[in-house]
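Scroll down for the structure; my scribbles are underneath it.
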Amino acid sequence: MRVIIADSPEAVARMGAEQCIRLLQDKPAAVLGLATGSTPIALYAHLIQRRQQGEVSFHQVRTFNLDEYIGIAPQHPQSYRSFMQKQLFDHIDVLPENTHIPNGMGDPIAESRAYEDKIHSAGGIDLQILGLGRNGHIGFNEPTSSLSSRTRAKTLTQETIRDNSRFFSADEEQPHLAITMGIGTILDARKIMLLAAGAAKADAVKAMVEGPISAMHPASALQMHPSALVIVDTDAASKLELIDYYRWVQSETLRVQGAYL
């Protein structure tokens, strides 16, 4: 696992976008694993800008999102399909038929199996983008999720439900279930990039990077991946014991390669 400490949330997003663009320049038909939530929004804004400047194309790209609420139709304003259309897809040249998000209105077991098959048929995911929950969840893999789990239905924790309640009005019934890629599915990606910003994520970042690998902290499974990149801002990195070492590695990488990444 490689840790990059950025000066600000904006720098986290910019560095993350640069990784995506380098991949697409090397492999225009890459398969991207995408995430929702507040952290990726700034990343997607950078990708949109770079697309508008003609630096990158998504015309051959295929995408697979991590998760979707069960019981919410794609056209619902709080569905992750709606989120992705608003925050990314409507502003780039990706083909609609190449964007994949679990169907929250289908049979969860059948949909989960079909989603795994679609990923396999696409040749697997080249770069999986992740955010990080305050309790260490990635996707909707809550604490105690199996580290070898595949795409399936999951019951959300009360903490996750509270965290997401701000997106739903008082008269809306908030989903308590979701279809999510499993941790094993995520670890199958050839590269993984996790972004986190803010002091509220500091405990989760420390447990992910420096804690034991444990189902109680699902993101800690990334320690087992041969090509996992963690990009965090100074607040999210504030509780890392080896923060000086991570900064030293950054400076040495810059000295030798001429760039952090």
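Note: Cβ is positioned from N, Cα and C throughout, glycine not excepted.
Not measured: the values here are computed from a predicted model.
The active site, proton acceptor annotation in Swiss-Prot covers Asp67, His137 and is backed by sequence analysis. Swiss-Prot lists Asn135, Glu142 with the feature active site, for ring-opening step.
Calculated from their C-alpha atoms, the gap between Asn135 (active site, for ring-opening step) and Asp67 (active site, proton acceptor) amounts to 17 Å. Under 8 Å, Cβ to Cβ, and six or more positions away along its own chain, Asp67 (active site, proton acceptor) finds Thr36, Tyr80, Pro102, Gly139, Phe140, Ala178, Ile179, Thr180, Met181.
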